[in-house]
Amino acid sequence: MLPFITKATCLLLLAAGVQALADRSASSSPPVFRSTPIQNHFIVQYRDDLDPVARQAHQTQVHAIARASGRYQGVIRNFAIGTFSGFHGELDAQQVAALNRSTLIKRIQPDATVRISSPLHVRDTSGAADLSNIRTVQTATWGQARISHRLPNANSFVYEKGGATAYIIDTGILVTHSEFGGGPQGSQRAVWGANFVNTVDTDEDGHGTHVAGTVGGLTYGIAPKTRLVALKVFDGNGYGTWSGILSAISWASNETDARGGGSLSVINLSLGGDYNAVINDAVSAAVLHHNITVVTAAGNENRNTSAVSPASCPDAIAVGATDSTDTRASFSNWGPAMAVFAPGVDILSSWITNANATARLTGTSQASPHVAGLAAYFMGLDGPHTPAEMRRRIVGFATLGRVQNAGQGSPNRIAFNGNALEVNRV
């Protein structure tokens, strides 16, 4: 993103490589897509210190002026994430010019259509770990095995019971998929949260269902007890808007407050684009003011993650992709803005063609949910974590020095779930 959906066309990558339906090549590089500004539609960000009463009065005025013309909708959506606030509106050029001059406004930028392809502490292992609570299963994916072992090429997934709430901001989730059953009293663990595109309340693309399966699927998930909440921001053709993505972050932030706080919640953002101050500010607000851990894909352009949002946000946990040989994937972004690497090539997970369907996808979109799942797992295992605590735990537990061709300035760390059977193994 040029400073968040600039007046020129910006690049979006849904850090995804959606090559599915299983027959698409999982080894091809995930694509990059362009976003197109929407005529007369803008995202307006208020000053962080603006009084809520003044903000509401201003929005009411803006809306009334726009509607009086008979040609524009005025204020369409509001955003409120901690001190981050603003709105998406349809406005004429004269109003936009006035907003640019207003001392109430921090930024105003065009909205755009975006398109995708269809340790806080070291765990005490001297006896505190309840080894009877540890489960070892034949792994369904190499990514699960890699996350739970210090060395590559293991064939088992070792984990303890645990899970929290994960918000999947994506194409939606097929909540009836068999991977998401088996919750309390047999209920579905995947639930519908909100829809920010004008289409049906299900995943029409598959990307979000695949991501959700990696976070918390019964067979393919890193945290199989996780509650998964679908926030749909892309339709069946892979189209959405930046204002929709902001609305989803706002929705998740406020829902966590209603449930009693975000320290048992994680947001997964398997999406991104060029550096965008508005998106980064929104993510920071969710982390700092709502206590939500935010995990994001580093991106698929083989460039410095500092040039990408939301991965460049210092308060997010940005994740790069490795293959099964612990080599950085050729497409994966790199650099010091990243926190950790995770499996992101040829990842098997849930799909949408039926309730038992699977597909193999490649991209940093697939790496990110390994770490979002890890965050949910740690929360479920040991209780609430602030985002800063979670970052320290994920970074502190990570396996060091194994990533080949990690990229200039990249942290040479592979995510690890703290498997008590080999936590001290190098």
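Glycine residues also receive a Cβ, built from the backbone N, Cα and C atoms like all the rest.
Sequence annotations record features per position, and here TrEMBL assigns signal peptide to 1-20. Under the heading domain 'Inhibitor I9', TrEMBL lists 42-116. The domain 'Peptidase S8/S53' annotation in TrEMBL covers 168-398. What TrEMBL records for Asp170, His207, Ser365 is active site, charge relay system.
For Ser365 (active site, charge relay system), other Cβ atoms within 10 Å of its Cβ number 35.
Remark: Asp170 (active site, charge relay system) has Asp203, His207, Gly208, Val211, Ala212, Ala230, Leu231, Lys232, Val233, Phe234, Asn268, Ser270, Leu271 as non-local neighbours, by Cβ distance under 8 Å and separation of at least 6 in sequence. Sorting each residue of the domain 'Inhibitor I9' (42-116) by its DSSP state yields 26 helix, 31 strand, 18 coil.
Packing around His207 (active site, charge relay system) is summarised by its Cβ count: 31 other Cβ atoms lie within 10 angstroms of its Cβ, all protein chains included.
His207 (active site, charge relay system) carries a helical DSSP state (H, G or I).
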